[in-house]
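What follows is a set of notes on a single structure, which appears directly below.
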């Protein structure tokens, strides 16, 4: 056996494989890998260690393992970096989410705190006012007591004076009778007076002391009470500040600093600065003085030493001179002794020459040595002293340097301290400024609160007055009704008697005599008042008399002056008129009442001169001298009915004479604009009714002494409708009235606009004109505010386009039209025919279907797709709903097989950051990410591949949708980009429409819908690549859009779902039920399914628009998106799970 193995080894060169050994690798009909070398027989096949980061390679041999680690090191590093970026992005998103929640909580807490501070401020003010009032009352009481005490003291003094003066008088009388008088009694009186004065003074002092004590005690009590109240208030404020500090940043502290604290801080800052400066200056002075003294002392000591050295040098020089002199004198003596002068001396001794020479030499050497020694000593001393002086000078220099360094250090310390103090002072100043601003805000809030309270009080008083007036009016109405009933009975009796006597009516016949006579007979007749002599003369004539050629009926009525405005000549035409007014008004408003009236003829004003009737308005230059060309002659013939509008007695004071004429003039100007509008040949012509002012001269004048005024106009028969209001609100769906308002604004060069259009069909009355300056045209002229209201709410229609107004059908291209788009002034397109067809034919809110029953069925989770512990941001179907694609927060997307129990087929690393949106068409899968890119993927022969990366956005790409021709993407850069799928290039970018981040897109047939943080939904045409319309209504970010049939469903961060009718772009209803942001919604049959961040899924019945079913905890975290699959609902959530829901019987 051993030999056989050796033979195999010798032949093959490969050792045999031990089948029983655990380290052997079985060969299942295949050859062994050539990469397995004999050097690594124990290597076990494994996956790459960077599998956690996304590397999917499987390694068989050690060499392959080493080569893979070397070659793919950069790839592995890139994967690790992407994983880190992804985790960082998750962290930042979570932080952003938490910061948003914290901001919301802060706003709520700030509102609570503001309300609390407002209530506290009001309570504090009331308490302070009460305390001040009590103090004032107490002070008044004290003053009254003082006055009473003073009066009592004065009365006591007067009484005492009287009592003391009576004995004096008696003493004087008795003294006068005697001889001489007695002065002792006067002295006693004077002493008693002085004592009484002293006693009074003492009593006054004691009273003043008591009063002072009482005042001090009262003031102390008041101060203590005020301190307690202020202490309680301070404690409450501190508590509130503590609560706010726990919830709010230090930047947003709501604390009020008093002026005294500011003054104290300022004084403390200044005293600190002054004290520090003084101390530093004193230290510097002391140190400089000490250094100068030391330096001066050292210099003086050096000078003394130098003087000593100089004296020593002088002494040595003098000694040397002496020695030299001695040596010279000794030499001279020796020379005299040795010389031969020839003068012998008897007393001289004989000295040999050798002895003298030796003596001379000894003396010279000794002297020289001594001199040298002295010089050496001097030099040594000089050197030592020089060294000492140098060392001392160096020490002095060192000390000077040390002092300089110390001074510099002190200066630096002082500067640092000054800087710190400056910073502290600046902080205190900033705090004071903040406190001042907060105090101002508090004061403003208190003022507003006080104003609000005053207004409420005024309103309450007005309400009480109105209630009283209403009660009085009701009483008067009851009385008037009783009187009217009595008058009607009397009139009926008289009419019956007249009918029995003479069957012919006194009213002259006209083309509509039967109708008019029946109405007049059925209606209660008016009582004729006293008329002027001229009218009585006219009425006394037979049958029908004439006034300047115009026939006026002889029937009982009242006369009036008729005023008609001609807008062409801009003047008033003055006429006379006879009319008959019913007693009861047939309609009434807030200020005016309307009466049915019959015309009895119109004539000239020759019998009524201007001086007797008109006083102030209109002026003479505004009155036309010609009165023939007028409308009253034709429209107010004898027997015609019209409406008379008269102000109520309560509103007479508010209505001036000019107001009547302004109203009529305004209607005539609008009538002229109606004629201009009709000249443009609109689909329907319009007309404003004629209107006149009438002075009822037969009636008693008003309280201001002027005749009673009223306005009249023809009677409208039919349903009265209001098309738009004075504030620009559109009240009906009719196009002609709105187009007329737009027409007047454009053709007047934006100098006026006609609104408040109302009437029967296209016969209008009571309009209102707004002008930029707000002048003229009555009290309803709102100026620029009224014009802006119309501009922001008006939606142009086909009539606007037919009249070639300032709009363009099919989109807007110019800058002015872009502004109109943003403001809402654009053409309302008809998009229903080219929306995506739908099998759902339900009418939203129709309430035509039977009530849905959920007692026998539940929406249950029938399957949960494998979770990968990453949030699911988007899901989409691919390949005719055979595959489900899901985009995850780690930058990958996974493909699941629908028919194989939702098995995960592919996991693809798509982006460095999370995949926010995924979309599919028949050929491609599109993914978008916060890395500002869009990637295009294909699935072929069991493999996935990224074929293109679209780069163009400068912000996070939030959403993508696609059809077979174009891809649409929206981003945080506030743009929507259009990509051509044949070339994968950008062909269009919509900019400047959305003003904030764009969050979502929805595609239906030809049209694209977009929404975002600016709370507006825009409609786009994908063929003309232009914007058509916008819809406003949400109060927060628009998060998702879903289009079904002719309806658009939008969800928002404001926790609601809005349903829009795309036929007129109006909001049908708002569904409220979720308590957090609604992230997605879909429609299946008659039900709307909505998912929210409150973890719930709700079911809404579109027939009744009610929530009929709720799954409160559908996921552990918020629901991100919903989709419909056959009869099932698929939901994806932030917890990483994907669930399939289905209705099942219980």
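Just so it is clear, glycine is given a Cβ too, placed from its N, Cα and C backbone atoms.
Quick caveat, the model's predicted, so the values are computed rather than measured.
The feature region 'Disordered' is assigned by Swiss-Prot to 1-25 (among others).
Residues or ranges marked as coiled coil by Swiss-Prot on the basis of sequence analysis: 100-120 (among others).
Annotated region 'Disordered' per Swiss-Prot: 158-191 (among others), in sequence order.
Model confidence over the coiled coil (187-241) is summarised by a mean pLDDT of 63. Feature annotation from Swiss-Prot assigns coiled coil to 187-241 (among others); the stated evidence is sequence analysis.
Per Swiss-Prot, the feature coiled coil maps to 297-502 (among others).
What Swiss-Prot records for 500-551 is region 'Pseudosubstrate/autoinhibitory domain', and it gives sequence analysis as the kind of evidence.
If you look up Swiss-Prot, you'll see 521-540 (among others) marked as region 'Disordered'.
If you look up Swiss-Prot, you'll see 552-852 marked as region 'Catalytic'.
Sequence annotations record features per position, and here Swiss-Prot assigns ATP binding site to 778, 779, 780, 781, 782, 783 based on sequence analysis. Around the Cβ of residue 778 (ATP binding site), 15 further Cβ atoms fall within 10 Å across all displayed protein chains. DSSP assigns residue 778 (ATP binding site) to coil, not to a helix or a strand.
The annotation repeat 'WD 3' is assigned in Swiss-Prot to 952-980. Same-chain residues lying 6 or more positions outside the repeat 'WD 3' (952-980) and placing a CB less than 8 Å from one of its CB atoms are 916-924, 926-930, 932-934, 986-991, 994-1003, 1008, 1010, 1012, 1020, 1022, 1025.
Remote same-chain residues near the repeat 'WD 4' (993-1021) are listed as 810-811, 818, 821-822, 829, 831, 834-837, 955, 958-963, 968-972, 974-976, 1027-1032, 1034-1043, 1048, 1050, 1052, 1060, 1065 (criterion: CB distance under 8 Å, separation of at least six residues from the stretch ends). What Swiss-Prot records for 993-1021 is repeat 'WD 4'.
Packing against the repeat 'WD 5' (1033-1061) from elsewhere in the chain are residues 832, 835-836, 838, 840-842, 844-845, 999-1004, 1009-1013, 1015-1017, 1067-1072, 1074-1083, 1088, 1090, 1092, 1100, 1105, 1121: each is 6 or more residues past its ends and has a CB under 8 Å from a CB in it. Residues annotated as repeat 'WD 5' in Swiss-Prot: 1033-1061.
For the repeat 'WD 6' (1073-1101), residue counts in helix, strand and coil come to 0 helix, 18 strand, 11 coil, using DSSP. Residues or ranges marked as repeat 'WD 6' in Swiss-Prot: 1073-1101.
Away from its own ends, the repeat 'WD 7' (1114-1142) comes close to residues 859-865, 867-877, 881, 884, 886, 888, 898, 902, 1040, 1076-1077, 1079-1084, 1089-1097 of its chain (Cβ-Cβ under 8 Å, at least six residues beyond either end). Taken from Swiss-Prot, the feature repeat 'WD 7' covers 1114-1142.
When each of the binding-site residues 780, 783 is scored by how many other Cβ atoms sit within 10 Å of its Cβ, 783 comes out lowest. The DSSP breakdown of the repeat 'WD 7' (1114-1142), given as helix, strand and coil counts, is 0 helix, 18 strand, 11 coil. Helix, strand and coil counts under DSSP for the repeat 'WD 5' (1033-1061) come to 0 helix, 19 strand, 10 coil. Ranking the binding-site residues 779, 782 by how many Cβ atoms sit within 10 Å of each one's Cβ puts 782 at the top.
There are 19 other CB atoms within 10 A of the CB of residue 781 (ATP binding site), with all protein chains counted. Residue counts of the repeat 'WD 4' (993-1021) by helix, strand and coil are 0 helix, 19 strand, 10 coil (DSSP-based).
When the repeat 'WD 3' (952-980) is classified with DSSP, helix, strand and coil residues number 0 helix, 17 strand, 12 coil. Residues 778, 779, 780, 781, 782, 783 make up the record's ATP site, and a Cβ search at 8 Å around their centroid adds 726, 768, 769, 770, 774, 777, 786 from the same chain.
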